[in-house]
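Trainee: Here's a structure for you.
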């Protein structure tokens, strides 16, 4: 099987062309390939498939390192766009793809940046999914070690966002897995820890479900900005600094799609026998 190793701000991926080669992965195979000592090593596996809808260009599938399939990965979306362009699978600047939970448009810009239309944030608790009687800007979550206030939103996948005073000392290692597996998130959740520098600049760490803390999480950056805007803490254009680098997030509020812009880097191509 041919593959490419790529990363978006240090969030690393193996990307596989499922259009021109036949590929099938079991969860066990994915876990073996994801192993950084005995396999290739990655945060997520991305598969490019032929479109299910003839009006779209591709179908986009995402698997976490633990073998679980998820419906969204923002950093992966940028790498997906870079991959299909580099491999000559398309020459379009605007690439329309489907995912498990909807469609998105990936735009390849001339300055090596990829702009992704992430769609509208979803706030209705049942659709996140999150257990709550109604939408609120802040929810109280109790864990074994502390009670936190968080915002909850879906960016095609579930996120909770906790505001912290100092991103460096935030208790991500202990609190992250407790939030990820909290009973009020029936499909688990990506936990974001956000420090607000000013209304147009935040710092963020994300503990991703099925992957742990990563160098960057594109949908997590989108979720943090969306929550901050809904809470009246942020403006419409925000720079998000993650451990692996920075993203620009734009959102004009309810009823509008959210946009993420950032880099996508090709590292190497390889071949492996499954």
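Positions of Cβ are set from backbone N, Cα and C atoms, glycine also.
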Trainee: Of 22, 64, 171, which does Swiss-Prot put in the substrate site with 11, 44, 74, 75, 157, 190, 208, 209, 218, 219?
Mentor: 64
Trainee: Within its own chain, what residues at least 6 apart in sequence put their Cβ under 8 Å from the Cβ of residue 75 (substrate binding site), listed in sequence order?
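Mentor: Expected: 7, 8, 9, 11, 13, 216, 217, 218, 262, 264.
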Trainee: Spatially, which candidate from the recorded positions 64, 209, 219, 268 is nearest to residue 73 (active site, proton donor), comparing Cα atoms?
Mentor: 219
Trainee: Can you grab the distance from residue 219 (substrate binding site) over to residue 268 (site 'Important for dimerization')? Cα atoms, rounded to a whole Å.
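Mentor: Approximately 25 Å lies between the Cα of residue 219 (substrate binding site) and that of residue 268 (site 'Important for dimerization').
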Trainee: Taking the centroid of the Cβ atoms of 11, 44, 64, 74, 75, 157, 190, 208, 209, 218, 219 (substrate site), which other same-chain residues have Cβ within 8 Å of it?
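Mentor: Here the nearby residues are 43, 62, 70, 72, 73, 76, 206, 211, 214, 217, 220.
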Trainee: By a simple count of other Cβ atoms within 10 Å, which of 64, 190, 219, the binding-site residues in the record, is least packed?
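Mentor: Sparsest of the binding-site residues 64, 190, 219 by Cβ contacts within 10 Å: 64.
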